[in-house]
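Undergrad: The structure follows.
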Amino acid sequence: MSKKDYSQKIKELEKRFEKLEKELISEKKLNEKLNKRFQGMTQEVNGNKNRKEITTKLDLDQNHNKNISLQNKNNKKSDQNPQKEKEKEKEKEKEKEKEEKEEEKEEEKEEEKEEEKEKEKEEEKEEEKEEEKEKEKEEEEEEEKEKEKEEEEEEEKEEEKEKEIIKNNKELKMRLKSLKNDLNRIKELKQFNSHSLETALPTKIQDRDTLLEQKEQLAKQKHALPAEIKLRETIIQRQIKNSERLNEINERLKTTFRNPTTLRPSMVTLQDKFLQKSFEFNKKELVIDFWYAKDNKKKGIFFITSSNVCFLTQRKKYSYLLPIKDIVTITKLKETKNGVQCRLYIVTKLQKKPYRFTNMTGYKDICLTTLQKVALNLGHDFKIIEK
């Protein structure tokens with residue numbers, strides 16, 4: 001773990017501590033409010049009890065006063081009718097007993113109601129406590145989930161870093177290989193100071209006879225170095241092959257594009273443009289190899305030169321020139337049962353949309369090997385993807 005990671009973790013813990021402090025403050029405020037409400041409810045209950053006691057006392061006093069007044073009246077009448085008064089007194093006593101019993105029943109009912117209210121309050125408090133406990137559990141579970149997510153993210157980041165390191169190592173190894181190859185070539189070229197590959201290559205293609213004469217002269221030179229002789233022999237052999245291939249191209253162009261029986265009239269009118277383009281490329285650089293390519297909308301010739309890939313068609317839309325140094329990837333599709341013999345997709349630095357070449361009459365592997373050789377001569381390398 002680096003210092004940045006530790007500092008980030010400390011910041012995250014501080015933020016969590018601040019959140020918990022805020023939650024504690026809010027819970028304290030809620031507890032204070034609940035205590036105040038509870039005190040108010042208890043005061044109201046006590047007040048109601050006192051009121052009921054006062055009302056019951058007043059009622060009893062009033063009844064007592066009424067009874068006294070009735071007794072006085074009855075005493076007055078008793079002087080007149082003593083028997084009747086006795087009977088009335090008995091009846092009054094019975095009524096008093098009934099009233100007292102009814103009052104006792106009412107008091108019992110009120111007490112039961114108060115007990116029920118207290119029970120309900122206690123149940124509500126317990127429910128609130130249970131809810132708080134459930135909330136705390138949920139918060140703890142959420143915190144654990146967040147911790148697990150953070151740990152998973154950290155593990156993913158570490159895995160991505162390891163993958164990037166592996167990729168970088170592979171790329172570095174490939175670069176080292178290419179650099180070693182370049183160094184070996186430079187060492188071979190440094191063995192003879194006066195000549196280099198660029199000076200040895202002629203600007204114009206010579207005839208085969210002249211090239212063969214040069215080869216014989218080199219063989220006769222005894223004072224020349226062996227590495228120099230090998231290099232010059234390989235260069236001359238390449239030039240001979242290129243000259244032969246150019247002759248083949250010109251012959252094929254003449255046979256295919258100048259024979260009106262094999263092509264439509266629209267193709268015959270465009271034969272000169274093909275030849276002009278091919279000769280323009282030949283003047284500037286060497287043509288190493290070529291193939292015929294066809295597609296639904298386009299068909300033409302696929303050239304590989306000493307620094308470019310060219311595709312010449314009867315339409316300007318589909319004719320283009322790709323520098324070999326700009327090639328990033330080439331995907332090679334397998335041969336299918338539908339009769340597609342060859343299919344290549346070339347992706348460059350400037351354009352991500354691939355250039356497609358199909359039906360190259362089975363020259364797929366040869367084309368890729370020649371392109372790799374030309375790219376290595378230019379100090380460039382590209383990836384080949386097989387699908």
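Yeah, the Cβs are placed from backbone N, Cα and C, and that goes for glycine too.
As annotated in TrEMBL:
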type: COMPBIAS; residues: 50-64; note: compositional bias 'Basic and acidic residues'
type: COMPBIAS; residues: 76-99; note: compositional bias 'Basic and acidic residues'
type: COMPBIAS; residues: 100-115; note: compositional bias 'Acidic residues'
type: COMPBIAS; residues: 123-159; note: compositional bias 'Acidic residues'
type: DOMAIN; residues: 276-366; note: domain 'GRAM'
type: REGION; residues: 27-163; note: region 'Disordered'
Undergrad: So what's the mean pLDDT when you look at the domain 'GRAM' (276-366)?
TA: 70
Undergrad: For the compositional bias 'Acidic residues' (123-159), what does DSSP give as the number of helix, strand and coil residues?
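TA: Summed over the compositional bias 'Acidic residues' (123-159), the classes give 37 helix, 0 strand, 0 coil.
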Undergrad: Where DSSP helix means H, G or I and strand means E or B, what are the helix, strand and coil counts for the compositional bias 'Acidic residues' (100-115)?
TA: 16 helix, 0 strand, 0 coil
